[in-house]
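**Student:** For reference, the structure I am asking about is given below.
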Ligand code: GLU
């Protein structure tokens, strides 16, 4: 059986950032201040439900602000866009996450800052909901997205509530302007419990993949959100997900994202995949230092920048057929990360027979550099498993035929 190179690649990325111990864990919540700063994890989940991860991928941590886009999506799904827009705007604020601010119509600027998130939390489960019912609705919904029962870290929320003066002032401000109707203490309790739902990097990757896939859960295939809700959520994440670092983030990494003060970071590439990292030390803007580094590398290596103008492909593996002792793998379209992942996934799940494998690129249009590396790596692994491999490339779309070990792949004319 062949092995999948993506986890090895993810491990390499973790090795590259491992020694960067700059930044500080969040210190305004006592339990977070005492947290282990060392865990490091990365996880990906494609819209087809293939999950890859490396590092401390099963260590649990609290979602904190990463809960905001998911709560926003649920509010949009439950109440509709119009009502949600009446309560919270969609403009980047350029301010710190806990700024006391409203726009000209007395609405929080966006759902990614605390003012917006506290207001969004209050929309869940109707105006008459108790705090416990509202939080249970969120917990159950997040669990469905993650594909397992998530729990709440009540020790953490108690610890946060001992010093929640800032969020209480925000809630009082919201109540003063009739943005929320609940008692300020209940509003902050409800929001803080939402922030204290525990996840792993793998959970977050699966949760984000539903947003990437227009609301269809990558593993159960259930439709959990409307595609328009996902689009709107991703748009707000793109413009305001990284607080006052949002502009710089969009330029350098180029994917909708959200960070949390416990050290989690999620990113979503529409139509392709969800990504999550975990590393608790934060930069002065409140974003995970090593998480940001990992995302920069992934975006660069995997061609994930949303503003890049390359075509997105689908159904990249046209067919795998057998003719005597020869297996033909026919690829089609633009070869990007998803296309190469589909190729690798197809070959590791295929039972090869005979003695020769031919990769047919006659219907392939373009090769992103990541696809050149990944597809050649897959071919090399087939060769190393004992097959004679060759590439049919009548239009010369593959830039070179050299494997990572310096040997040359046979080309058919
Ligand atoms: N519960 C945290 C707060 O409201 C979340 C902040 C964050 O993750 O950015 O202060």
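Just so you know, glycine gets a Cβ as well, placed from its N, Cα and C.
Nobody curates TrEMBL annotations by hand; they come from automatic prediction.
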**Student:** Among 9, 141, 243, which residue does TrEMBL annotate as binding substrate together with 65, 114, 160, 167, 191, 261?
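**Tutor:** Only hit among 9, 141, 243 in TrEMBL's substrate site, alongside 65, 114, 160, 167, 191, 261: 243.
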**Student:** Quick one: of the binding-site residues 191, 243, 261, flag those whose CB is under 6 Å from ligand 1, and say none if nothing qualifies.
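**Tutor:** Close enough to ligand 1 are 261.
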**Student:** List, in sequence order, the same-chain residues at least six positions removed whose CB sits under 8 Å from that of residue 261 (substrate binding site)?
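**Tutor:** Residue 261 (substrate binding site) has long-range Cβ partners 26, 29, 32, 64, 65, 282, 286.
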**Student:** Report the same-chain neighbours of residue 167 (substrate binding site): residues 6+ apart in sequence with Cβ closer than 8 Å to its Cβ, ordered by sequence.
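**Tutor:** Looking at Cβ-Cβ distances below 8 Å from residue 167 (substrate binding site), excluding near sequence neighbours, one finds 98, 114, 118, 188, 191, 192.
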**Student:** Out of 191, 243, which of the binding-site residues is least crowded by other Cβ atoms within 10 Å?
**Tutor:** 243
